[in-house]
Amino acid sequence: MAAPPSFLWSRRIFLTVLTVFVLLPVYVMLSSSLKPLEDVSEKFQWVPSEFTLRPYADIWETVPLADYFVNSLIVSGAATVCSVVIAVFAAYAVSRYDFRGKRVFTVTVLSTQMFPGILFLLPLFLIYVNIGNATGIALFGSRGGLILTYLTFSLPFSIWMLIGYFDSIPRDLDEAAKVDGCGPVGALFRVIVPAAVPGIVAVAVYAFMTAWGEVLFASVMTNDTTRTLAVGLQGYSTLNDVYWNQIMAASLVVSVPVVAGFLLLQRYLVAGLTAGAVK
Amino acid sequence: MTITVASRHDKSGPGAQRQQDRPGARRTTRRSGRLRHVSLPYLLLLPALLLELLVHLVPMLMGIVMSFRELTQFYISNWSEAPWAGLGNFRMAVDFDAPVGQALLKSFLTTCLFTVCSVALCWLIGTAAAVFLQERFRGRGLLRTLFLVPYALPVYAAVITWVFMFQRDNGLVNHVLHDQLGIGGDPAFWLVGDNAFWALLTVSVWKGWPFAFLTLMAGLQNIPRDMYEAAALDGAGVWKQIRHITLPSLRPVNQVLVLVLFLWTFNDFNTPFVLFGKAAPESADLISLHIYQSSFQTWNFGTGSAMSVLLLLFLLVVTGVYLLVTSRGRKAKARA
């Protein structure tokens, strides 16, 4: 298709402006993380007056960033694994079986997306405290409570997306597996799961990002030992000083794992969205 | 084990026979096997159901009950004993002559305006980017990856960078506007006062448009190539093809996308929370942060819950009307 100049120029201009808009904060993050403290405290400079890696060494001292990192990894990792397994089961049931209450289930799960988080923050906090008092299982302030909370955040979208994905896998495949002696669960693991890898990866990426980036529940439901990065990053501003170069360095460090993972797997995410959400 | 037994009564003949050789299968009576077969989908749904109940549905019902009680900090450890307030909390929330109701109304209107602007801009930029990146050209793959960076960055890391950029004295925004372009008198404050609305909108659009882009790119892949080829044979240029093929084909995707963007933007707590801290300036006081702040400031969780319930009702009505209108549109089209 031969595109006219009007199209080519519009495309060029639009994409240039958009690229600048998208990358500006990334540039600020990177360049400021390499500046000495005087640079970031005074007038903004496009190029650091002196390149230094000091902020990258200091971030671990100013706040216990390594601990927060480990907490975030455990919480997000566990939430992702549980959420994906549970979503696969639920989506398989909805996609392959007819049962009473199916519509009610899908509608209810989807509508939880609509709830303002603020509506169930306090009740959930009370439930966790009460469960703790009644059974001795510490949910409030623990990683377990946060894992439990986070895994339900990504669940509705994951189930929804996987239903679409599973629906697009021909039923002949499960029938063939059953002929070969698989039970329904065997068919799920031997046939459906391998065929749905792109969708499952997409859902896992989404679940991990949701957990890694959540702020509200992390700030209410953690204590000193279970704090995640979302809350821990606030530690770089003290009453006297804001260590902007360290904040930027720490932001970059906490972003690298999810951005790298996301960009590596984005192919799957687009494929997953195509098969799932869009149809 | 129990689950493999269930398959015994499947219609698939040979598989069922082989299963009977297993030791566990022989012990189960025919009847319980059938029961399990019927209950298998429920078993598979059980974990999801339990978790949704614990984390979403029960707390939501509790929130609704709380909104009818006078729940102050004295009753927090034993909330079910808080005195009944009837509709008192709701009356307080919608009493627009009193400070509480007035602030809520203002915050609600701000959120509506903000959401409309943000969703419209995210959708526009996302559509334009998806359409421009539909055809192959050099650098397309790279741009596609770069454009997803704001979506992939954790909210707090990205928003805190914007906080730094919006600093009055050492931020990039004022440096460019004031020092390099020479606009205005004194350098502006961005995170307090009326400018905060624009700061929040910028960050929200920056963070939100890649989701529209991603969804629309996926939607574009479903348009058959021969539609374009046929249009080209008929002499339609690129712009005409975009207008008459691309945009109409994206319609079903857009209907879902706009709804999802609307709900996410309207309920967004993280962006204003990281951008402004616990209390946002009045011009950018989004409703979820407003409810959070007003409940924890006065410790009156009953009123806070009533506000949340009103918010939920509003979202339910809007979503219901939206779904009704779009599905009616779809039906009318199918009939035509």
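The first residue you see is number 1, and the count goes up from there.
Backbone N, Cα and C define each Cβ position, glycine as well.
Whatever TrEMBL says is automated annotation, not expert-curated.
Copied over from TrEMBL:
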- B:1-31: region 'Disordered' (REGION)
- B:40-65: transmembrane segment (TRANSMEM)
- B:108-133: transmembrane segment (TRANSMEM)
- B:108-322: domain 'ABC transmembrane type-1' (DOMAIN)
- B:145-165: transmembrane segment (TRANSMEM)
- B:196-220: transmembrane segment (TRANSMEM)
- B:249-266: transmembrane segment (TRANSMEM)
- B:305-325: transmembrane segment (TRANSMEM)
Same-chain Cβ contacts of the transmembrane segment (B:249-266) under 8 Å, 6 or more residues past its ends? 111, 114-115, 118-119, 122-123, 127, 204, 208, 211-212, 215-216, 218-220, 222-223, 227, 287, 315, 318-319, 322-323, 326, 330
Ranked by Cβ pairs within a distance under 8 Å of the transmembrane segment (B:305-325), the first of B:40-65, B:108-133, B:196-220 is B:40-65
Winner by Cβ pairs under 8 Å against the transmembrane segment (B:145-165), considering only B:40-65, B:108-133, B:196-220: B:196-220
Contact set, same chain, for the transmembrane segment (B:108-133): CB under 8 Å, 6 or more residues outside the stretch: 140, 143-144, 147, 197, 200-201, 204-205, 208-213, 215-217, 219-220, 242, 246-247, 250, 254, 257-258, 261-262, 265-266, 282-287
